[in-house]
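A short worksheet on the structure shown next.
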Amino acid sequence: MATETAKKKHITQEELREHNSPSDLWISIHDKVYDLTHWISDHPGGGIPLLNLAGQDVTDPFTALHPPSAWKHLDRFFIGYHLSDNQISDLSKDYQLLISDFTKLGLFEQKGHVIVLTLCIIFSLFSIAVFFVIGTTSLLAHVAAGILMGFIWTQSGWVAHDTGHATVMLTPWLNRITQLLCGNCLTGVSIGWWKRTHNAHHVACNSLDFDPDLQHIPLFAVSSELFKTLTSYFYERKMRYDTIAKILVSHQHWTFYPVMCFARLNLFAQSIVLLLWNKSVPNRFQEILGVMVFWVWYSCLVSFLPNYGERLLFVGACFIVTGIQHVLFCLSHFSTSVYVGQPQGNEWCKVQATGSLNIRCSPWMDWFYGGIQFQVEHHLFPRLPRCHLRRIAPLVRELCKKHKLQYPSVGFCEANRRTLATLKDIALQARNMELSGARNLVWDALNTYG
């Protein structure tokens, strides 16, 4: 076998696709083939992205998601094979050229001052919120503290998002501290859970069975394909479309905003489940400690409020305000094109562009959206600091225009309208299916012999 391997220098894409399992995982980058079978458990981005793209050419996603320092680690996985029949699309060539241009301009390394300014705002608001709770007896001040805390959670979430994609602080160590502080300690959401989920989302953007950000059965369905009880390859379970799911989905355009108001509970629960799960979690002790810090300080702060009514108002304000962030997450993808199946490395650039929705806003509102208003740009260049997204937007728009790809960019109200329209359309389909099923049962009963 060793002699045969040494002689063979080229393989086809069909042969590469045969190596697509956890026990035999190959990929290709720039036509060079790498065996990552024993790297799955050690991959900093988690094993899920590797498994989702196993047996494929992954040049575009690898370049997008990894810093230049990652390239030096590839040589130890190279097994001597080259792809003999890989066809690079014109879109991919232009995309790689843009990455090269941005690298030469130093955009990936220019962090800007957004994160530092945001951190200063967060801690200023936090101090004010704590004073309103502890230092005053006014009901309005206590409600205002809850509103401020909701904004703190939202802005902390954007910072955690940035630090999870790239080193936006001066050093990796400081970047990690910022992750834990803004993710685990301030918001109660495990940055380890977020990275695991978000990396899977970026690799499998808008795949109904691979992208966890579209797997909300029984509460929501963004496609009638979910009526078929698909398998979630992220959660490793069936997404059952049962009676309860039918009822909830049939009214999802009415329940969307109320559910978003308390969607943070889902993040709390998923963080705790992952940290207590037997799955491998990098730096598990740090993650658990950070989440515990959140629950200690938040519980203590709530306990300072004089009665259960004011505590309920405070907590409710926190959740409702941060619910805006969860709405923004959904606006970015719910109304765009979706598909069923494994993500394809050679279609990666196209899917990222057509599966994302930009929200137009004035530059002074960029702080509010945390960079995800440029969702197309962010998905194509996830390592790029958000301070550069507005600058590169015209170039991305031209790239999409040249290759006849949609570049959806709408206002905030229109994004909400599209999302609600999508949810309503699927809800009506769910109702019609139920009515059709009932009519068929009656017809069958009336026409049964014997």
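Backbone N, Cα and C define each Cβ position, glycine as well.
What TrEMBL lists as domain 'Cytochrome b5 heme-binding' is 8-83.
Look at TrEMBL and you will find 114-134 (among others) tagged as transmembrane segment. Within the same chain, residues 141-142, 144-146, 148-149, 151-152, 155-156, 158-159, 162-163, 168-169, 178, 182, 186, 301, 304-305, 314, 367, 385-387 sit at least 6 positions outside the transmembrane segment (114-134) and bring their C-beta atoms closer than 8 Å to a C-beta of that stretch.
Residues 115, 118-119, 121-122, 125-126, 128-130, 132-133, 178-179, 182-183, 186-187, 189, 191, 194, 198, 264, 305, 310, 313-322, 324-325, 367, 370-372, 386 of the same chain lie 6 or more positions beyond the ends of the transmembrane segment (140-161) yet place their CB under 8 Å from a CB of it. Look at TrEMBL and you will find 140-161 (among others) tagged as transmembrane segment.
TrEMBL lists 173-194 (among others) with the feature transmembrane segment.
Beyond the transmembrane segment (214-235), the same-chain residues lying 6 or more positions past its ends with a Cβ under 8 Å from any Cβ of the stretch are 48, 52, 197, 200, 204, 206-208, 241-242, 244-245, 248-249, 252, 255-256, 259, 333-335, 338, 340, 422-423, 426, 429-430, 433. What TrEMBL records for 214-235 (among others) is transmembrane segment.
Residues or ranges marked as transmembrane segment by TrEMBL: 256-276 (among others).
The transmembrane segment feature in TrEMBL is assigned to 288-305 (among others).
Residues 133, 139, 142-143, 145-147, 149-151, 153-154, 157, 205-206, 213-214, 222, 256-257, 260-265, 302, 305, 355-357, 359, 369-370, 372, 375, 412, 415-416, 418-419, 422-423 of the same chain sit 6 or more residues outside the transmembrane segment (312-334) yet have a Cβ under 8 Å from a Cβ within it. Marked as transmembrane segment by TrEMBL: 312-334 (among others).
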Near the transmembrane segment (288-305) in space but 6 or more residues beyond its ends, with Cβ under 8 Å, are 130, 133-134, 142, 180-181, 183-191, 271-272, 275, 311, 314-315
Long-range Cβ neighbours of the transmembrane segment (256-276) (under 8 Å; 6 or more residues past either end):
153, 188-190, 192-193, 196-197, 219-220, 284, 287-288, 291, 319-320, 322-324, 326-327, 330, 419-420, 423
